[in-house]
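Engineer: Here's the feature list from TrEMBL:
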DOMAIN    96-185  domain 'Glycosyltransferase RgtA/B/C/D-like'
TRANSMEM  117-135  transmembrane segment
TRANSMEM  141-161  transmembrane segment
TRANSMEM  168-187  transmembrane segment
TRANSMEM  288-309  transmembrane segment
DOMAIN    334-523  domain 'Protein O-mannosyl-transferase C-terminal four TM'
TRANSMEM  399-416  transmembrane segment
TRANSMEM  423-440  transmembrane segment
TRANSMEM  446-469  transmembrane segment
TRANSMEM  481-504  transmembrane segment
Amino acid sequence: MTTEAPPAAVGARLTAALERGAGWPLTLAVTALAAAVRLPALDRPYPLVFDETYYVKDGWTLATLGYEAQWPPEPNPAFEAGLYDSHLDTAAFVVHPPVGKWLIGLGMRLLGGDDRVGWRIAVALAGILTVLLVVRAGRRLLGSTLLGGVAGTLVALDGTAIVESRVALLDGILAMFLIAAFAALLVDRDHAAAHLTRLAAGPPGAPPGTEIMDGTQAGSGFGPRLGLRPWRLLAGVLLGLALGTKWSALYFVAAFGLLSVGWDAAARRRAGVRRWWQGTLLRDALPAFASLVGVAAAVYVATWTSWFASAGSYGRQWAASQPGGNAVTDAIGSWWHFHAQIWNFHTTLEAEHPYSASPLGWIVQWRPTSFFYESPEPAGTLCGAERCAQAVTSLGNPFVWWLAAIALVAAIVLVVRRRDLTPVPLLVGVAAGWLPWFAYADRPIFAFYAVAFLPFLALLLAWAATALWRWSRDDDGLRRFVVLGYVVAAVLVVGAAVFFYPVWTGQVITFEQWQLRQWLQSWV
């Protein structure tokens, strides 16, 4: 005699099967969507836009000379016309480390210095890879392929992420390294927790309470050592590459280090380790520091290899003009002096910029950055109107950011009032990418810097969606309302992506169509 399984059980098994089978297919589908909105007409707009004037030319000279070189006065028209080797041999002072510029330069070496796709292919691939990593990180963190896919889709259809994938700046590359490091730490968290559980249980047949440390029984109560953790080492490498792209990654190094140690503490406690907190400090904190901070620092220094190897690099011979020293100390002294100059630049800059934006407004996209705007001629031929507009504006998808802002507040409330720690890792990522900028609010900083923590906001929004689902499980009427909310949110996000896509990608439209997309005066 057989009995049929309850519908709920059948549904649960079906959902589990779909979750297992859909992991990579859904990941690749969302990644393909990201590629489809980032790669077409990557050579548009035609000129260098915004800070491409620095990073494209710096990337080219890095890839050809080994250091960033100076250019003649007003070099952009000649560079855009194909005279990409008109640089001088004299090194230029730069204010960011070389990794992002190296990647831009390698794309140019691959496709040619006069190829606009070559200028931007590195950032485009970084943006596409970021979406893939968001899906995988979301799947592991939230325990759902669907939620990972939702988070990845939000990043795929966000304007800030799209623009940063189509303009050769450093921030999209930075975002890729940061979410990659976070994803690696998630894998490390799961592997370490499983390994700890096995070790804490002792060998087969061991009496309850037996602990294993370094392969021998011990009664310290601290729990076992976990040995080499390659995924955390990989996270350290990725953080070093992020730091070698922009110094703002330093806040993520600190935040992710604390997060990793916190995960270790929670794992020891769940495994039944008696002195779990002391065990974390004695057996996890120092290895975490070495794996993340130590490795990141070593990788960061290594990213300057071409600077050390090129006698013509900026400031490379500074220490040689000082009394005493030798070849090794001169190289280190010159490098340190160069860093002091960069630090001085960042801490004393008082220039004004019309698109400088307070960090407070980033979360709602109050003041996006106009990277490019012109009224191309002849208008009648190009757009069929008296006046045309062509713009590239780093405006985030409004509904992604506005909904994420609500999710951010909800997450903070749940953590504080209900001690729900699920969104804490995502709050850590948002905090590391956002809060430090408030200390620099009196300097020229821009809303597109928020692309560094956009992946964490997208994951937070996906988490909020499932939190709403759980909240409504006992009320059919409320559940229907939540489902309706999901549908409305999806339509708004996709509709906004289609609507704003022309001003994210530099399409020629009528001036009136451009005006329709300026919902707030602060967007102009």
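Note: Cβ is positioned from N, Cα and C throughout, glycine not excepted.
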Engineer: Using a Cβ cut-off under 8 Å, which residues of the same chain at least 6 positions beyond either end of the transmembrane segment (141-161) come close to it?
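Structural biologist: The answer is 18-19, 22-23, 26-27, 29-31, 33-34, 37, 127, 130-132, 134-135, 172, 175, 186, 365, 368, 393-397, 400-401, 404, 425-426, 447-448, 450-451, 454-455, 458-459, 461-463, 465-466, 493-494, 497, 500, 504.
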Engineer: Other than its close neighbours in sequence, what residues sit by the transmembrane segment (399-416), given a CB gap under 8 Å and a spacing of at least six beyond its ends?
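Structural biologist: Apart from its flanks, the transmembrane segment (399-416) reaches 154, 157-158, 363-365, 423-424, 426-427, 430, 457-458, 460-461, 463-464, 467, 489, 492-493, 496.
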Engineer: Average the per-residue pLDDT over the domain 'Glycosyltransferase RgtA/B/C/D-like' (96-185) and send me the rounded value.
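Structural biologist: Mean pLDDT, the domain 'Glycosyltransferase RgtA/B/C/D-like' (96-185): 97.
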Engineer: Could you give the number of helix, strand and coil residues in the domain 'Glycosyltransferase RgtA/B/C/D-like' (96-185) as assigned by DSSP?
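Structural biologist: Counting residues by DSSP class gives 73 helix, 0 strand, 17 coil.
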